[in-house]
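Student: Annotated compositional bias 'Basic residues' per Swiss-Prot: 1-11, 60-69, in sequence order. The region 'Disordered' annotation in Swiss-Prot covers 1-71. According to Swiss-Prot, the N6,N6,N6-trimethyllysine annotation covers K5, K30. What Swiss-Prot lists as N6-methyllysine is K5, K19, K30, and the listing cites similarity to another entry. Among the features that Swiss-Prot reports, N6,N6-dimethyllysine is placed at K5, K30. Marked as compositional bias 'Basic and acidic residues' by Swiss-Prot: 12-26. Among the features that Swiss-Prot reports, N6-acetyllysine is placed at K19. Look at Swiss-Prot and you will find 40-55 tagged as compositional bias 'Low complexity'.
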Amino acid sequence: MARTKHPAVRKSKAEPKKKLQFERSPRPSKAQRAGGGTGTSATTRSAAGTSASGTPRQQTKQRKPHRFRPGTVALREIRKFQKTTELLIPFAPFSRLVREITDFYSKDVSRWTLEALLALQEAAEYHLVDIFEVSNLCAIHAKRVTIMQKDMQLARRIGGRRPW
């Protein structure tokens with residue numbers, strides 16, 4: 001028996017979507033609130049479709065902002081950050097964190113030189129980048145593209161790092 005092509009069957013037409021009305025606000029205006037009116041007077045009805053001079057309003061089409069496809073901006077940012085050499089963690093919050101940690105563990109050490117803080121920040125960022133690289137490899141090995149907590153835990157276990 002020969003195969004035949006069956007045309008697509010259309011269902012009944014769906015109701016048209018409700019259009020949003022940006023000209024009128026659902027909230028009552030100041031004049032309506034002050035006068036206690038219900039908003040059904042002739043002045044409010046005629047003002048909805050006309051401007052202050054009495055001419056009908058023309059609707060202006062607003063262009064949608066351009067959106068890139070998912071992942072395009074992420075890849076662009078990856079390339080940008082791979083090219084740069086500056087530190088990505090802001091210095092002030094990092095130095096506050098270092099001072100907070102040193103206050104917690106040692107009351108003797110209270111002052112840090114700028115070079116010591118910069119060296120510590122450089123090492124911390126390198127460590128984070130290394131962890132993320134190995135975690136990404138673990139996620140790819142699991143046939144995923146999203147890094148999960150278990151990837152980071154596995155990366156730390158395999159790398160021989162301490163559990164803290």
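Going from the start of the chain as shown, residues are counted 1 onward.
Using N, Cα and C of the backbone, Cβ positions are placed for all residues, glycine too.
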Student: Take the Cβ of K5 (N6,N6,N6-trimethyllysine) and count every other Cβ within 10 Å, whichever protein chain it belongs to.
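Tutor: K5 (N6,N6,N6-trimethyllysine): 4 neighbouring Cβ atoms within 10 Å.
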Student: Per DSSP, what is the helix/strand/coil residue tally across the compositional bias 'Basic residues' (60-69)?
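Tutor: Per-class counts: 0 helix, 0 strand, 10 coil.
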Student: Could you check what DSSP calls K5 (N6,N6,N6-trimethyllysine) once collapsed to helix, strand or coil?
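Tutor: DSSP assigns K5 (N6,N6,N6-trimethyllysine) to coil.
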